[in-house]
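Reviewing the structure listed below.
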Amino acid sequence: MVDQAVLDKLETGFSKLSSSDSKSLLKKYLSKDVFDQLKTKKTSFDSTLLDCIQSGIENLDSGVGIYAPDAEAYTLFADLFDPIIEDYHGGFKKTDKHPPKDFGDVDSLGNLDPANEFIVSTRVRCGRSLEGYPFNPCLTEAQYKEMEEKVSSTLSGLEGELKGTFYPLTGMSKETQQKLIDDHFLFKEGDRFLQAANACRFWPTGRGIYHNDDKTFLVWCNEEDHLRIISMQMGGDLGQVYRRLVHAVNEIEKRLLFSHNDRLGFLTFCPTNLGTTVRASVHIKLPKLAANRAKLEEIAGKFNLQVRGTRGEHTEAEGGIYDISNKRRLGLTEYQAVKEMHDGIAELIKLEKEL
């Protein structure tokens, strides 16, 4: 049974959301009917509807406004998650199934900007959740420590180009911390959206960063997701970046079991990342197109691309440099997601040259 204090918070939160002019997908799809149907349910990890929606209630300017506290939440609270997923992921219906993992021909993607005129850097990342553990809000301190132990010992077995060092955030020296900040590797305690979702408990316990010696391969442990696996480098050689990521994921997958769902693909804390979990992005200078951000976003939208500021979500473009990535991660294969970004960026560069 969901206890009364939680129910009271839910009722208060629901009326706050209903009377607000929030533009979030949560507000759009959390009808009174759906609310009444879901408010008394809880998963085997004791997660309730409140765990899913509290960030969206606290931050009425959220775009989405919902997180999954554990893998079960996607099924138990499907009446709310499904329409939000369908809306965000371009018509992925509740009868649709995400295709099996397919990285495609890793050698078929090349350098998007051989002359180094436009693209500053290229990055491809994916997220993974470890089977048998809930997501951030439900993790105990002991589980955080156990997961960090598993992840660091797994990563220490990587060889060749992926060989590197794991740095726990707990007890990290000021020097190491500064070095990681200078490299833009260090993640900070979550923003207000993640804070409100209870994704930052026991910080910095269980959190850590691994990177290879070349600083082109990076793993975040227990940031927003259990694992964020990242491949990146300066310039526009998407092919090389993607190849490295695929190699890394395959190596890690031999050693760790990931949380996967037949319908939704790989499971993540935020429903925007479901499926492939792949976000392929460039930091790019398009001075002519970017003179009008609204116009840039409109053109990018035609290619299913998302425009963000230089430092990611909720930031401005510094020095005219934008972060542009694929928007769709669900209902298509990993290769298709990256190819969509590849083709879209190629088009944007072509348009920039024509202006």
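Cβ atoms here come from the backbone N, Cα and C positions, even for glycine.
Residues annotated as substrate binding site in Swiss-Prot, with similarity to another entry given as evidence: G63, V64, G65, I66, Y67, E224, C270, E313. What Swiss-Prot records for 121-125, H184, R228, 279-283, 308-313 is ATP binding site, and it gives sequence analysis as the kind of evidence. Summarising the annotation, Swiss-Prot assigns domain 'Phosphagen kinase N-terminal' to 6-90 and lists sequence analysis as the type of evidence. Swiss-Prot lists 118-355 with the feature domain 'Phosphagen kinase C-terminal'.
Known features from Swiss-Prot, placed on the structure.
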residue : record                 : contacts (Cβ under 8 Å, 6+ apart)
V64     : substrate binding site : S24, L25, L26, G56, I84, Y88, C270, P271, T272
G65     : substrate binding site : S22, S24, L25, L26, K27, I53, S55, G56, I57, N59
I66     : substrate binding site : L25, L26, C52, I53, S55, G56, L80, F81, I84, P271
Y67     : substrate binding site : D51, C52, S55, F135, P137, A197, A199, F269, C270, P271
S121    : ATP binding site       : M232, Q233, M234, G235, V282, H283
E224    : substrate binding site : G127, N136, G190, L194, A199, F269, C270
R228    : ATP binding site       : R125, C126, G127, V219, W220
S281    : ATP binding site       : T122, R123, V124, D323, I324, S325, N326, M341
R311    : ATP binding site       : E318, D323
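Distance from the CA of R308 (ATP binding site) to the CA of G63 (substrate binding site) is 13 Å. Across the domain 'Phosphagen kinase N-terminal' (6-90), DSSP helix (H, G, I), strand (E, B) and coil residues number 50 helix, 2 strand, 33 coil.
The most densely surrounded of the binding-site residues V124, C270, judged by C-beta neighbours within 10 angstroms, is V124. Taken residue by residue with DSSP, C270 (substrate binding site) is part of neither helix nor strand, so it is coil. Neighbour count (other Cβ atoms within 10 Å of the Cβ, all protein chains): 16 for R308 (ATP binding site). Mapped onto three states, the DSSP output places R311 (ATP binding site) in coil.
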